[in-house]
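J.: Take a look at this one; I'll ask things after.
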Amino acid sequence: MPDSLAPLSRSRSPVLPNQISNPPNGLTTTAAPKPYGVNPLVQVVENGSPVTKPDPTASSTANINVSKEKVTAATEPWLVNFPDQPSPKGKHAKNANYIKTTKYSLLTFLPLNLYNQFKRFYNLYFLVAAFSVFLPGGDTLSPISQVLPLVLVLIVNAIKEIIEDYLRWRADQAANNAPAIIVRNGKRISIRSKDVNTGDIVVVTKNKKFPVDAVLISSSYEDGSCFIQTAELDGETSLKRRGALQELAGMTSDEIVGRLGGFIESEQPNQRLDEFEGRLTLTHTPGGGTASTVYPLTLNQLMFRGATLRNTDYAYGIVIYAGRNTKIMKNFNQGKVKMSTLEKRMNHLIVAAFVFNLFLLVTSSIFSIFRGRFIYNKEQARIAAGLTQPMDYAIEWYLGPASTPGVYTSVKIITSFFAMYTYVIPISLFVSIEIVRLIQVTFMNWDGKMAGLQVDADGKEVLVPMKANNSNLNEDLAVVEYIFSDKTGTLTRNLMKLSNWYIGSTDYCEMNNPGCMGKVLNDSLLSNEDAKNIGLFARCVGLCNTVLPQRDDRTGETVYEAQSPDESALLQGLAGDDVILRSRTKQTVVLNILGKDEVYDHLALMDFTSDRKRMSVVVRSPKDGKLMLFCKGADNMLLARLSKDATVNPPAIIQQAEDALSHYSNSGLRTLVVGWKPLTEEEYSRFKHDFEAAEQALTDRTERIAAACDSIETDLIYLGCTAIEDRLQDQVSETLDYLLKCGIKVWLLTGDKQETAINIATSSKLIQADMILRTVSGANKRDVKYSLERIKADMANTPENRRNVLVVRGETLTTVFDGKLELDLLAIGQQCAAVVCARMAPLQKAMVVDLVRKKLKKITLAIGDGANDVSMIQAAHIGVGIMGKEGNQAVRAADYAFAEFRFLKRLIAVHGRYSYLRLTGIVYHSFYKNLAFIMIQWGFGFVSGWSAQIAMEQLFFTLFNVFYTSLYPIVSAVFERDVAEDKIGEYPQLMKEIRTGVFWNWWKACQTTCSALWHALVIFGSVYYVNSEGNLDHQGRTNGYWAQCYFLSTPLLLTVVWKSVTETKHFIVLTVFVIGASLALNTATMAIVSYFGYAQVGIFYLEHVLPAYYLCMLLVPAMAMLPDVGFKYLKRTYGASDADIISEEAVGGGGSIASSEMRELGVFDA
């Protein structure tokens, strides 16, 4: 075995068929040919017989530049021997198909979870603060006061991770222990799924899932075909056909299948679901020995793990990828974590708080050190002057002799203040935000107004709720500035219905006159030429597809299982014209035309791809045995491939066809062009040789297949066109109109024709009557640059009351990006109300989104429904998927997903706006309460000699941020709303004001800071004044330290709660309950602390019999909140926001000057 084949599918050495010691009876053992890339001669199968030929890939790869990945795949193929051979101990490998999607194990959970949490700067900062209590001077606070908040934050996050990982573990266990059936020694045995190994032959029965990736050997169908549903991988509910190799299709018993032997060479395990390259070498076949033969393997033979076998009783397969190497596991990832813009802005506040923390630390340390030196110098001066008194000796005995602060003392002082001032940064904020976001996402998923109707597997309509895959971006929805939307299936229903046939130069309107083409075809007076053309057109549409006709057991009607809804629509329309696709096998297609069956030999299929934008078939006519190539595809592809011979394709006919295509596109219809050509046996033979050689290649197979197809899809004869209607979804125009009024710019990115895209944009009100269309054109960089400059000049002269729409095609975009003109295009696009991009490839969509996101630094949202939209969705800040007929690739890649485009309005306007309002509120409030809290402590330094003594009781110091003041902001951030939902939809200006900074701005941050400083000053100043005058308790004693603690803590808590209440606009029973619970919890804690002697014994009772205590509780919060209440009244009266005005009007108010002015302007006339 060559060294180049070292990377194997299993860790043990490979066992080639010629190394099997005792082959089964009836089998002949032959030497295996050298693997790909080594033997220049291979045996391939032609017409059922093995023929020795030069390796088509051996000589053709030398001059081809391939990627590193493909070079690796060529030199290091994936090798699988079958049947699977036991180890030297006689046992088969276990856990070869074991899957694991969990992030942690019992051993790794603690270290990995802690590592992930301490990657966040603020957690690391609080960890250092917690350890500071064990440093010299850190004993100002008890260890529990510093450690408890951090521990609580870590525990909350750990519990969340444990729950999520446990659910993944349960799913893994169910999958790993599920029964699987394999064939060994000609008999079926049942084993656990996790023990299935590469090289095993697996048997899957109807409606069961494949436990591995397997190459199809045979099935219950004679031709070896089967049908699979890959919804678990890509979400597509339509059936996909898979076909076994013709030479293996007849092996349909366990005994026969068990006698197979050989090996498979293929590409290394990868994520690609849309292509597969490999080849199978047989060295053991039932019924006698044959020379080793090589068969090409494609995606048509590959079944994926997680796919469900449908409409097929059973299927045999050779396991090629197992466990973590399967496609579904290669596509599994935890997802890229996106960070919202609010979170990034919040980091700026954290940096500012950290800088302020340093200020407090430095000033306090300097004051403390200088005060120490001042006292020392003063004492030394008194001693030198002989002014000592007896009390001085008592003080010295109790506190120790005065000394100037040294290094050790300075370190103690700095450590003490560092431990105390860590509370400037609100540790509870980060946990609170996570909790609020999770609850918000839950409410989104529960929102019945965002549930849409979908058809399930049984054909019943069911309500499908929206799905939020990411909770980190809720608030960013409110500040989206650019929306990039796909067209088909996103704005439209993706429910295709045939509208028109256009054959030659005749239009057949099937929408208004169903079956009209069939009536003409059946007319006995029809000329031979017309009958031939219509017949060829009908045969082309009926044969050039991959549709699988199935009979519905319930209705008895024929159902066309297609991967594309366009093909189903074409065949359903064709059936209305009495041209019916009866059946399809790998070798034949039966087409019934006007009641007569025609059986065509199916010789070749050149499938549709997003690059080719066309598909072709080669069939043999049942009448005369002649070969025909039928082709259909996008007009820009097919028209370019028509024969230029005027006698074959008269220019007048082609011009009429182009006019018809433009008319259909302007009507918003989807169009295709149909063509054909007769083939000679020599032409087909050359094509077959090139096509089969390309199929066997392990490098550049896709490119070689495309080149072989291109060589034969030329000089086509024009037949006609098709037009399919795809109607707009409900309320699309209203949704787009609202988004535009919100100041959001919408770009339509579609692969359809430019005319179709413009028509859909017009009917959906993306393009409105007052807008001017600006089209970028040009075949080269110079022309495109001139076009851009001309548009820019014209726009400069456009009246202000006229808006612009930019239109650009995919071909032009290629020139724009290649010619480095993207910034010029972007400058124009910025000034347009909308942009329409047509004929775009998937990668171009992503490039456009990325351009706007990175160059303009704007918040972008991309919405689509198909696999071709995934790159665009992933490139945007926020990705939205539509649950449609194109599979769930877009849904899986998206941050949010729902069934209909109209729900985008509610997602942005309601959920997005409320999330932004709530989260900005909780951020500002968290910084406010911590700043007020810590500034009281800083002010206490002036009366405590900067000794780092805390101003409040330690338990209150610990619980203030974690419990007392954290519950109400969370509840408020879940239920808060400033205006009703319907008002947001009624007044788009409510969305505009968010981007102007009504909820988040530096002015508001300054207001919050000033409010916190004022509250701290009033609370500390008032309490200090009351206690400094020698306030006496009921026993005639002056209040001490413990009395001062409660005198400070209770007014502070009341003030913070009052501040929360004034900022709240929407109250429910739960908010009132939480306020009462916070105050009750504080009172209960004070009582418990006093009872157990943690503080001064009986201090709780002593405080509550003092009149001054009750006066402080009433008057101090009132004095502190007076400016806040006054400012709020002035702002609402003279500077009310749009939300304030609309909420006033909603309750019948209107007392503000702003609301009166708005009423005069007619804002509320609607």
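For all residues, glycine too, the Cβ spot is worked out from N, Cα and C.
Small disclaimer: the values here were computed from a predicted structure and weren't measured.
Copied straight from TrEMBL:
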- 1-35: region 'Disordered' (REGION)
- 10-31: compositional bias 'Polar residues' (COMPBIAS)
- 93-145: domain 'P-type ATPase N-terminal' (DOMAIN)
- 349-370: transmembrane segment (TRANSMEM)
- 413-436: transmembrane segment (TRANSMEM)
- Asp486, Thr488, Asp865, Asp869: Mg(2+) binding site (BINDING)
- Asp486: active site, 4-aspartylphosphate intermediate (ACT_SITE)
- Asp486, Lys487, Thr488, Glu567, Phe608, Lys632, Arg670, Thr750, Gly751, Asp752, Arg839, Lys845, Asn868, Asp869: ATP binding site (BINDING)
- 891-1134: domain 'P-type ATPase C-terminal' (DOMAIN)
- 927-948: transmembrane segment (TRANSMEM)
- 954-975: transmembrane segment (TRANSMEM)
- 1041-1058: transmembrane segment (TRANSMEM)
- 1067-1092: transmembrane segment (TRANSMEM)
- 1104-1122: transmembrane segment (TRANSMEM)
J.: Assuming the binding residues for ATP are exactly those in the record, Asp486, Lys487, Thr488, Glu567, Phe608, Lys632, Arg670, Thr750, Gly751, Asp752, Arg839, Lys845, Asn868, Asp869, what is the maximum CA-CA distance in angstrom, rounded?
T.: 25
J.: Taking contact to mean three or more C-beta pairs under 8 angstroms, with sequence separation of 6 or more, is the transmembrane segment (349-370) in contact with the transmembrane segment (1041-1058)?
T.: no
J.: Around the C-beta of Arg839 (ATP binding site), how many further C-beta atoms are within 10 angstroms, looking at every protein chain?
T.: 21
J.: Should the transmembrane segment (1104-1122) and the transmembrane segment (1041-1058) be scored as in contact, given a threshold of at least 3 Cβ pairs under 8 Å and pairs 6 or more apart?
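T.: Checked: the transmembrane segment (1104-1122) vs the transmembrane segment (1041-1058), in contact.
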J.: Among the binding-site residues Phe608, Arg670, Gly751, Arg839, which ones place their C-alpha within 10 angstroms of the C-alpha of Asp486 (Mg(2+) binding site)?
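T.: Qualifying among Phe608, Arg670, Gly751, Arg839: Gly751.
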J.: Mind telling me which of the binding-site residues Thr488, Asp869 has the densest Cβ neighbourhood, counting other Cβ atoms within 10 Å?
T.: Asp869
J.: In DSSP terms, helix, strand or coil for Thr488 (Mg(2+) binding site)?
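T.: The three-state answer is coil.
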J.: In three-state terms from DSSP, label Asp865 (Mg(2+) binding site) for me.
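T.: In the DSSP reduction, Asp865 (Mg(2+) binding site) maps to coil.
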J.: Six or more residues beyond either end and a Cβ under 8 Å away: which residues meet both conditions relative to the transmembrane segment (927-948)?
T.: 137, 140, 349, 353, 356, 360, 364, 367-368, 371, 413, 416-417, 420-421, 423-426, 429, 960-961, 965, 1008-1009, 1011-1013, 1015-1017, 1019-1021, 1024, 1048, 1052, 1055-1056, 1059
J.: Same-chain Cβ contacts of the transmembrane segment (954-975) under 8 Å, 6 or more residues past its ends?
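T.: Same-chain residues near the transmembrane segment (954-975) but 6 or more away: 141-142, 144-145, 148-149, 152, 423, 426-428, 432, 435-436, 439-440, 443, 918-919, 921-922, 925-926, 929-930, 933, 1045, 1049, 1052-1053, 1056-1057, 1060, 1063-1064, 1066, 1068, 1070-1071, 1074-1075, 1077-1078, 1081-1082, 1085-1086, 1089, 1094.
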J.: Short question: which residues 6 or more past the ends of the transmembrane segment (1067-1092) have a Cβ under 8 Å from it?
T.: 953, 955-956, 959, 963-965, 967-968, 971-972, 975, 1046, 1049-1050, 1053-1054, 1057, 1060-1061, 1098-1101, 1103
J.: What's the CA to CA span in angstrom from Asp869 (Mg(2+) binding site) over to Arg839 (ATP binding site)?
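T.: Pair distance, Cα basis, whole Å: 14 Å.
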J.: Which residues does Phe608 (ATP binding site) neighbour through Cβ under 8 Å, counting only same-chain ones at least six apart?
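T.: Phe608 (ATP binding site) has long-range Cβ partners Ser564, Arg614, Met615, Gly633.
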J.: Cα of Asp865 (Mg(2+) binding site) to Cα of Arg839 (ATP binding site): how many Å, rounded?
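T.: Approximately 17 Å lies between the Cα of Asp865 (Mg(2+) binding site) and that of Arg839 (ATP binding site).
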J.: Based on DSSP, name the secondary structure state of Arg670 (ATP binding site): helix, strand or coil.
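T.: Going by the DSSP assignment, Arg670 (ATP binding site) falls within a strand, counted as strand.
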J.: Whole-number Å only: compute the distance from the Cα of Asn868 (ATP binding site) to the Cα of Thr488 (Mg(2+) binding site).
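T.: Asn868 (ATP binding site) and Thr488 (Mg(2+) binding site) have their Cα atoms 11 Å apart.
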J.: Taking the Cβ of Arg670 (ATP binding site) as the centre, how many other Cβ atoms fall within a 10 Å radius?
T.: 23
J.: Distance between Gly751 (ATP binding site) and Thr488 (Mg(2+) binding site) at the Cα atoms, whole Å?
T.: 9
J.: Over the span of the domain 'P-type ATPase C-terminal' (891-1134), how high is the average pLDDT in this prediction?
T.: 85
